[in-house]
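According to TrEMBL, the protein has these features:
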| type | residues | note |
| --- | --- | --- |
| COMPBIAS | 199-211 | compositional bias 'Basic and acidic residues' |
| DOMAIN | 98-156 | domain 'Glutathione S-transferase C-terminal' |
| DOMAIN | 222-526 | domain 'Glutamyl/glutaminyl-tRNA synthetase class Ib catalytic' |
| DOMAIN | 529-618 | domain 'Glutamyl/glutaminyl-tRNA synthetase class Ib anti-codon binding' |
Amino acid sequence: MELKLSFPADSPPLAVIAAAKIAGVPISTDPTLTPGSTPIIHLDNGLKLRGNFVLLRHISRVANIPDLYQRDAIESSQIDEWLEYAPIFASGSQFEEACGYVDGYLLQHTFLVGHSLSIADIAVWSGLAGTGKRWESLRSSKKYQNLARWFNSILAEFGVLNEVTTTYVGKKGSVKPTASKVKEQQGSNANLAKVNGDAADKEKESRKPTSEVDLPEAEVGKVRLRFAPEPSGYLHIGHSKAALLNQYFAERYQGEVIIRFDDTNPDKESNEFVDNLLKDIETLGIKYRTVTYTSDYFPQLMEMAEKLIREGKAYVDDTPREQMQKERMDGIESRCRNNSVEENLKLWKEMIAGSERGTMCCVRGKLDMQDPNKSVRDPVYYRCNQTPHHRIGAKYKVYPTYDFACPFVDAFEGITHALRSSEYHDRNDQYYWIQTDMGFRKVHIYEFSRLNLVYTLLSKRKLLWFVQNGLVEGWDDPRFPTVQGIVRRGLKIEALIQFILEQGASKNLNLMEWDKLWATNKKIIDPVCPRHTAVIEERRVLLTLSNGPDDPFVRIVPKHKKYAGAGEKATTYTKRIWIDYDDAVSISVNEEVTLMDWGNAIVKEIQKDQEGNVTHLSGILHLEGSVKTTKLKLTWLPESDELVKLSVVDFDYLITKKKLEEDENFVDVVNPCTRKETPALGDSNMRNLQRGDVLQLERKGYFRCDVPFLRPQKPIVLFAIPDGKQQPVLRFAVPDGKTK
């Protein structure tokens, strides 16, 4: 059904027209309304819709692209907020201020709302494009690089926008394509283009954001991807990159993702891992079509193995494993390579039966033993294994290898593009060769760099060692790089998504610092998390204020001065207050200090014990004093039975070396002290904390509540959240702190 759009010739609704073109909504234009009139869409039933925002929302609801507007309540409201903001670009006096604001916002975001295109992006994009040469001059400069990157990526993905701006922006200046190479997508109005870049500047080219990278031969609406973890551990931050990139490309090409468990090794796999991987995938917000298992295809895989044996493309080999490995390295053909089909089928049946003779054998592909790429030197397709499978039990005695199962199931399930980390690059030839032997069409492999982080082990085998040896609490330990571990440490999933998508689909291998991830996290939690007060229990010092209130009184104050949504808390004011020992030793006699959320005080007397340790302070309130003139701003707590016990926990890395060499044993660099517990006292409002709540302890940092208040003698457990600054990790070290 074609929509009819009427508008004044001197003010075409660029955003509405652009949205219709991008969304694949047929539209005819009638620029005959009188100047100053509101644009109108005429519906077939005679009804009319008026106003830019109304028309944009209507087009998004009938669009071929999902989620342009109709999302959850928060994201839909954020889209509305941007729609109201977009007209500011038409205001000459506020244009550059608006450019600066959106540029700063896009420093941490790929799209204006969420992780896919919305009508908010279209409205703001059109607002910029509509200013013609004014934006073009800024776009070609380096003044607003984030804004230009975002603008260019949308134009590169939707080349039809060039037609819109050329037609309707007119003499103001047309928007020229920045893509170096545009590819027509069959059956789509969208032109998915290679990113603009200086061909001579290789370093710049290597830093393309995710949104500026194309999948090879991808067709909009026909892309099918898979995220295929092995259920032999929990999802970690490295797997998260693969999962999120699959989702990103699926959304970009209006395709779909399936989750497939690569469960071909019963020695390592369990239902516990399956359940927790699904939990982690949900935590990441991955939207998938269905869940499958490689084990679903065991009958078809066995049929394929037998077919290849009959065709002379595979054979059964009983060469001992170590000898086989050496022969593959040296390019020596196995003595079994030229066995007859009958002999191979006979041994294959022995393998299926799990007989003593069969367990000595494996099935190998007959590829090329002289190929310089050792991965195609007759790889193993099937091995015997007597361990019961976690889903199927003891039905099978033979199991396919990943190298055999993956190309089969990818093709069988209709996967169009297989995303793999570049560490598997040498196996690409093997993957394609096996698919050809099987008679399948080619599944495109798209490589991205593995996410490597300093002081971090991402091998599930190595992480399992820490679990089995009791050096961590489990797979969700906050020192682990698992999704559950870093979330328990206090990382917001939004920060993880931003961090990973900023790395993009680059193929460059980089060793990343954790600091950037935690700095991103801080930007998310700081504006909204409530503020509380704590004093380290060890050697805390009492400050007596002689003119303080004889009768304690309570004030209700905000938990966050700039965010009312954080709620309120009750603060008690008394003559006797606790302060940290480190603060007490920094104070001089007659020094004026500021007591946070109260006012100034002057310390008149400092008492010390025989060893010179400060034991007590005396002073007077000086509330008329200026907080701007004091050097020390102190946190404090009232002397009260209402204070709660805290255990403040800080963590260090599990290993002491930034990067392990390939031949280096990780056990040799295990960090002996990775957890520090410090007893503290907290304000009484912390009784209401729930597990998972994030808060800031004033002047001490950010924390996540791991164990809430249960009873007075059992402490609330708070995990310290890094804030991205270079600093010692175990910050709250005290003489008798517990370590693990």
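From the backbone N, Cα and C atoms, a Cβ is placed for every residue, glycine too.
Under DSSP, residues within the domain 'Glutamyl/glutaminyl-tRNA synthetase class Ib anti-codon binding' (529-618) fall into helix, strand and coil as 7 helix, 45 strand, 38 coil.
Summarised by DSSP class, the composition of the domain 'Glutathione S-transferase C-terminal' (98-156) is 38 helix, 0 strand, 21 coil.
Looking only at the domain 'Glutamyl/glutaminyl-tRNA synthetase class Ib anti-codon binding' (529-618), the predicted model's pLDDT averages out at 96.
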